[in-house]
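Look at TrEMBL and you will find 28-69 tagged as domain 'Acetyl-coenzyme A synthetase N-terminal'. The domain 'AMP-dependent synthetase/ligase' annotation in TrEMBL covers 72-467. Per TrEMBL, domain 'AMP-binding enzyme C-terminal' is recorded for 529-607.
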Ligand code: PRX
């Protein structure tokens, strides 16, 4: 997929040299003024999407992120609520944290980290449930210039170990246990196991584990390493000067799955990311002072970073942090929380909407939801049926629904309907399932597989032709992988990995990933990761994993497994392998369907033809396409006959 040189497009040659955005319609320097700089930048974007790829924004500016999210609101608004925390169990008390209180807590946490030896530039791994301390810890890192790497609390010890090792963290912040849907998650135990795995390899860089007490469970304790957060924080001051940071200093690393190999560390930097998170939070949600804003994501994902923590707090919003799940203690939980805290803006994922839609209207109608003004969707394509239900039932037909398309790599929303300039209205006609239009300052193109730009109504591959401030800067410690993954398919463009259709009105419809990345309930997973988890079981000889359409999850995991000679294929073995993959990666990777495959369809050069496996998993056996190039076409017949998705 190389883009041919085409001078008629103009941009190819033009794009070879780094240039600033003076020619674009948005003045990013002006946008950057929405945040407080210690030293104002004089340059906006300076970037090249050609190798060597380099991306910089506001490079001569200096700032501190925690100052922007907390301190600058204090003179006038100290007593406004920054965080509302709603616990997993509705019988437990919720919390309201003002900006004044947030300031004290963030300063304390920053001092605890300093006392434990964390220095500017150090990587700190967070493995926390959805508790206020997660927000404190993230902001505390930014206060002292440490780089956080938040690992979703649903990931296994193996997954944490890999992430700690990749970024060489010296400190881990966790909790004794997490609570979700009434179930306890043994977070500290998982950290202990991860550190053991690392020690066994001689790769344990962690000197301290800071433990927040959430459930009070009895946990194993290593006194040279483990410290209780509540004990340490009682001993430090609540004043910690914010560290001046350069705009391009690293802010955080967030691991995400790609189509090959292990998850990559997406690196975001300080100035551009914050400007973009704040800018998009305002443009898309039209946030007005005093409103209660609720994004149901987890801080372990980019949505939690940009739209629970950084965007809302930079904009002095009241942001709700929810520990629980939509179905506990019952399927009215979301709507109950909306009434309880008078939520105005609600931002969730299609998978949750589909699951709740299945429960009918009654659990929704039990609550008034009168406070709602706007509904948002994120994480995966939203099917028109779910969109319409969301709009008609949850929003009573009066709230606009914005479908926001973006990625871990983009830092913030790139395509979505936006509020009007005065923040009061949305486009009258919003199409169910369309992400609609790019935000001001975002320039997408749709290309065919040859790299030709498709104009007008068209379907193809989604690329972005110019940088924006929230764009990732590199893969942590692997710039070559960054260039290879995003900038080699089509020279001069950022390749998103998504397919896209643009309709005659110019609205964009995201059709889903075109690479080997799965989107399971809005969670991103690489097929290669799941396959390597399977083959780490000694009984498995080969594994091939594909996605298939799933009513609730959007996509489910379908695995074709070849066992080693002499191993008997049984239902018990399927259950064990399912459990094994959960253990290696985490519950989000639980395979839905396992099919025994005596052989896999391979080309003569040994490459697995996933196209065929996808069609079988989708039960579209009429359209398997040409199988004559396979080394052994007869394997297909067996797979079709024994498919599990009939
Ligand atoms: O395929 C797209 C899908 O989620 C991918 C990005 O996943 P992740 O980095 O985990 O970030 C998720 C939250 C931003 C994209 O490549 N995706 C995300 N939002 C949408 C979407 N697909 C369709 N419509 C969306 N609104």
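Glycine too: its Cβ is placed from the backbone N, Cα and C atoms.
Quick caveat, the model's predicted, so the values are computed rather than measured.
When Cβ-Cβ distances below 8 Å are used as the criterion, the domain 'Acetyl-coenzyme A synthetase N-terminal' (28-69) is approached by residues 15-22, 106, 110, 139-140, 142-143, 242-248, 251, 269-272, 274-275, 278-279, 282, 309-310, 313-314, 441, 465-469, 471, 473, 479, 482-483, 486-488, 491-494 of the same chain, each at least six residues removed from its ends. Secondary structure of the domain 'AMP-binding enzyme C-terminal' (529-607) per DSSP (helix as H, G, I; strand as E, B; remaining residues coil): 24 helix, 27 strand, 28 coil.
Remark: secondary structure over the domain 'Acetyl-coenzyme A synthetase N-terminal' (28-69) totals 10 helix, 11 strand, 21 coil, with classes taken from DSSP.
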